[in-house]
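J.: I'd like to ask some things about the structure below.
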Amino acid sequence: MTPWLRRQRALADYTLASLARRKGKNIALVAVYAIVVFVLASAMFFAASLRFETSAVLRDAPEVTVQKITMGRQDLIEGSVAEEIGKIRGVTSAKPRLWGYYYDRIVGANYTVMVPDDPEMIPEPGSVIVGEGIPRARGFKWSGAPLFLSRYEGDLKRFDVARAFESDSALMTSDLMLMNEADFRDFFEIPAGLYTDVVATVRNPNEVATIVEKGSNALPQMRFVTRSDIERTYQKLFDWREGLLAALAAAGILAFVIFAAEKASGLSAEEMREIGILKAVGWDTRDVIAMKLWEGGLVSLGAFLLGTVTAFAHVFFFGAPLFAPILKGWAVIYPDFALAPHVDGLELLTLALLTIVPYIAATLVPIWRVASGDPDAVMR
Amino acid sequence: MIFQTPIMALLLVAGLASLTALWSGGFAVQVLRRWNLADMSRAQLQRERATELVSTLFAAVMLAELAALLLFVFNADRMASLFVGAMCAVGTLNVNGYGFPALYLKIGVFFAATLWLMLDRADRMGRDYPLTKVKYGVMLAIVPLVLADAGTELAYFLNMHTDVITSCCSKLFTPANAGLANEMASIGPGMSLWLLGFAGLAVAVSGAVVLWSGRGALAYAFLSALMFALALTAVVSVIAPYIYEYPNHHCPFCILKPEYNYYGYALYIPLFLGTGLGVGAGMLSLFRNRESLADKLPAMIRRQVIWSMAGFAGFGLATLYAIASSNLIIFG
């Protein structure tokens, strides 16, 4: 072992023993520190895993969505547009879609109503397939209970529930209701030949920009939304929410920094005497600074580990009950979903910089002031 | 775009580093004007004590800056999905005119701080602090660098607009365009590997000379810097294509992505360490004749040369492994 390593080991050994001698005070410090780390880490882990979840969900989404814009508002689109889009070279398929929202006045929730593309998912006339959130919101006591929907005062329409989705796809299907095309047009009074929008899939993602350009030249009144636009918007939204929470946490960090600085400069008489004795037996200023840095390092490490691990459990095992309303948004039927654990080096590094750097910065000057005093002055 | 957690972390580090630099700069002026070890006054004693604080602060800043450099590149890479046209860090750094200057300044601060810490260490080894004035003179040169870094970084993040269409790395690193990046990409792969091999050999020989005779550290420093430039060229012209297994992709940033197992870090970290330690050894050899350092400095130079050679060897091994394990065949 080199002399340098031996010196560090001795310092660490001494520091650990000295930390253990003042257990109560140090545990309090670590606890406060860990809470700061915990708050920040929870916000970051949660936002990151939402970002991850969205991009996983969008991976199967169609590359391009075409909407008709009339007077600046989205309007119903003619089915013939799909054929025209389909003719552009590079587009594998273009299909019109029928979907919309239905406001359920009984429970005050919005459902997404859709005509499925997959023939296996098309329900029989008069029946619907629903996401797990709808029976939950309606408080259905037994399976097979019929669903009554009311579009306006005095109107009532009965649907049978063919089946409900499993909750493993809850983020996407919780408020979803599938109908067949005839029922849909009848329910929403949509004339034949008109659709909500048109989706197109593209074989080579690098060609999306060119296809959008060609499409908007041929159909100037349409709006083209690409999958990467949607993904970018979600990313920005979650980034922004995470940033907002982190900025709020800054107040907490500042308070903690003041607490740490105060604690490092106002040493107890006993600690003062300890440093005085160390200097009297031959430690020089540099050794005392190194010892104090070890102390700060060990406290930081402990608090960082404690804070990160509890934040991990809070977010991924318990679903982040403290922050979820801010970060994921809210709705009457909110899906019950478990977040996929997703933590990367970038987050941990950011977290370390945001918490450890302020702590070290706050304690360095007080440490030096104590360490550079004369032994007798320190002890007195 | 300032409401991003990594950006806030980077700005926090830059802000604290600037504060430290400003205060240390003020102290450095005082030292340069009044430092006198023979003086027994209270003011001199306080100055001597304050040097301990400056050294500790600077070491902390340098550690934080190292982490910030990694975070800066890592974050630029991750933010690429927010910009139209960007596919890796290059696109993000190209979003406005401040991106690449900010990166270069960060690298500059890293190397400058490394050299300063070596001077500091050497200075504290001698009983009469023989390098104090040199050390604080150098610090006055580092202070503007740290401030410029913080300023450019702030300008970069404040001017980041996601509606800008940036260019992707495959546009920047192609032999068809004009500019340094393309000069690097257009050097033949064989040529750049030979150059790298020769530079590696020269570094090894000169390192051996330093270890054996204790002389020639300055030559070693010069060769380290040369090796650094040639290694970066080789990464762009030949090593990166091997990692991508695609002969026309030359980007030196995409190799940092998770898709390529973060292989870039295995290349860059040893390379930067080797270069910093090697150049530092040359710098220290300038002060070998100071009386109070005569018995300790040669040992420190030797150690630095050994570690620097280890760094370059690590880079060489990573290069060889990248080439050997790749399915791409450029030669033959």
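Every residue gets a Cβ built from N, Cα and C, even glycine.
In case it helps, TrEMBL gives these features for our protein:
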type     : residues  : note
TRANSMEM : B:52-73   : transmembrane segment
TRANSMEM : B:103-119 : transmembrane segment
TRANSMEM : B:139-158 : transmembrane segment
TRANSMEM : B:193-212 : transmembrane segment
TRANSMEM : B:219-243 : transmembrane segment
TRANSMEM : B:263-284 : transmembrane segment
TRANSMEM : B:305-324 : transmembrane segment
J.: Honestly, do the transmembrane segment (B:193-212) and the transmembrane segment (B:103-119) touch, with at least three Cβ pairs under 8 Å and pairs 6 or more apart in sequence?
T.: no
J.: Quick one: do the transmembrane segment (B:219-243) and the transmembrane segment (B:305-324) have at least 3 Cβ pairs under 8 Å, skipping pairs fewer than 6 apart in sequence?
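T.: Yes, the transmembrane segment (B:219-243) contacts the transmembrane segment (B:305-324).
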J.: Against the transmembrane segment (B:103-119), which of these stretches has the most C-beta pairs under 8 Å: B:52-73, B:139-158, B:263-284, B:305-324?
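T.: The listed stretch sharing the most Cβ pairs with the transmembrane segment (B:103-119) is B:52-73.
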J.: Apart from its near flanks, which chain residues at least 6 from the ends of the transmembrane segment (B:139-158) lie with a Cβ under 8 angstroms of it?
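T.: Counting only partners 6 or more residues beyond its ends, the transmembrane segment (B:139-158) has Cβ contacts under 8 Å with 1-2, 7, 10-11, 14-15, 17-18, 20-22, 24-25, 28-29, 32, 54, 58, 61, 72, 96, 98-99, 101-102, 105-106, 108-109, 112-113, 116.
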